[in-house]
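Working notes, beginning with the structure itself.
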Amino acid sequence: MATGRTHRPATRSRGIPEATVARLPLYLRALTALSERSVPTVSSEELAAAAGVNSAKLRKDFSYLGSYGTRGVGYDVEYLVYQISRELGLTQDWPVVIVGIGNLGAALANYGGFASRGFRVAALIDADPAMAGRQVAGIAVQHSDELEKIISDNGVSIGVITTPPGVAQQVCDRLVAAGVTSILNFAPTVLSVPDGVDVRKVDLSIELQILAFHEQRKAGEETAGEDAVAASVPKETPKGPDGDVPVVMPA
Ligand SMILES: NC(=O)c1ccc[n+]([C@@H]2O[C@H](COP(=O)([O-])OP(=O)(O)OC[C@H]3O[C@@H](n4cnc5c(N)ncnc54)[C@H](O)[C@@H]3O)[C@@H](O)[C@H]2O)c1
């Protein structure tokens, strides 16, 4: 529900809860789609549905940004895109390096969505000498011997690790020593980093395992439902005294 207040002046809010920060990219994705369709305003309910979030939570999240929408009008799409982008630090360009240009690293390098969200793939790094100089997504792969120089030359603060798990910690240590302070880790390894370095881990197999858990629960519920029906229907249908068959309804 809009409160009737318009956007507050752009006070940069401190102390936004981590859970809110995690939802900001969801709002931004939904808002960007609206912006591309030139939709000028959106209600909290519509935006919440598009982002897959509860609308009360959305309004609370936006209150941290100082954005309250306008009663009967909703939120200004362009302004919210700007506010969320600014809050997420996306109004500046972030050079990113990807280390380990195998199947996954190359797929990420080819993903066009980074650039449109303010992340420029500044360099691709691999330890395999045969990879050096090979073009992936229009960028020449550089050998990992050059890692420190590449980070420093490009002012990189975000590194993506797509190496085999056995070398991920060592790659991480080198990235951090070279000045990287944020790491997106795809390798199935728990990385240790010093204070001040943020690590985000992406593991599709964990997501699949969670889905498998829910699938199993759903299947269990269905089976339990069928069992309940079966249990309420006697195996040998007893006949009434007159030979009629009583109808047994499941509970
Ligand atoms: N998070 C996920 O959802 C997900 C999904 C698929 C794969 N993975 C993981 O991503 C990683 C890469 O998978 P892949 O299929 O692309 O593997 P891959 O073998 O195709 O590629 C790995 C690349 O890393 C390079 N490499 C090895 N040691 C290196 C080092 N010290 N420095 C720089 N580069 C180095 C190799 O030369 C190779 O090109 C693996 O750890 C895998 O388990 C994660």
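Cβ coordinates come from backbone N, Cα and C, glycine included.
What TrEMBL says about this one:
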DNA_BIND  26-65  DNA-binding region
BINDING   GLY100, ILE101, GLY102, ASN103, LEU104, GLY105  NAD(+) binding site
DOMAIN    89-190  domain 'CoA-binding'
REGION    219-251  region 'Disordered'
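Just so you know, the Cβ of GLY100 (NAD(+) binding site) picks up 26 other Cβ atoms within 10 Å once every protein chain is counted.
Across all of the domain 'CoA-binding' (89-190), the predicted model scores a mean pLDDT of 95.
In the structure shown, across all protein chains, ILE101 is the one of the binding-site residues ILE101, LEU104 with the greatest number of other Cβ atoms within 10 Å. Counting only same-chain residues six or more apart in sequence, the Cβ atoms lying under 8 angstroms from the Cβ of GLY105 (NAD(+) binding site) belong to ILE98, VAL99, LEU124, ASP126, VAL136, VAL160, THR162, THR163. Sorted by the number of other CB atoms within 10 A, the binding-site residues GLY102, ASN103 start with ASN103, the lowest.
Those same-chain residues not listed among GLY100, ILE101, GLY102, ASN103, LEU104, GLY105 yet with C-beta within 8 angstroms of the centroid of the NAD(+) site C-beta atoms are ILE98, ALA106, ALA107, LEU108, ASP126, THR162, THR163.
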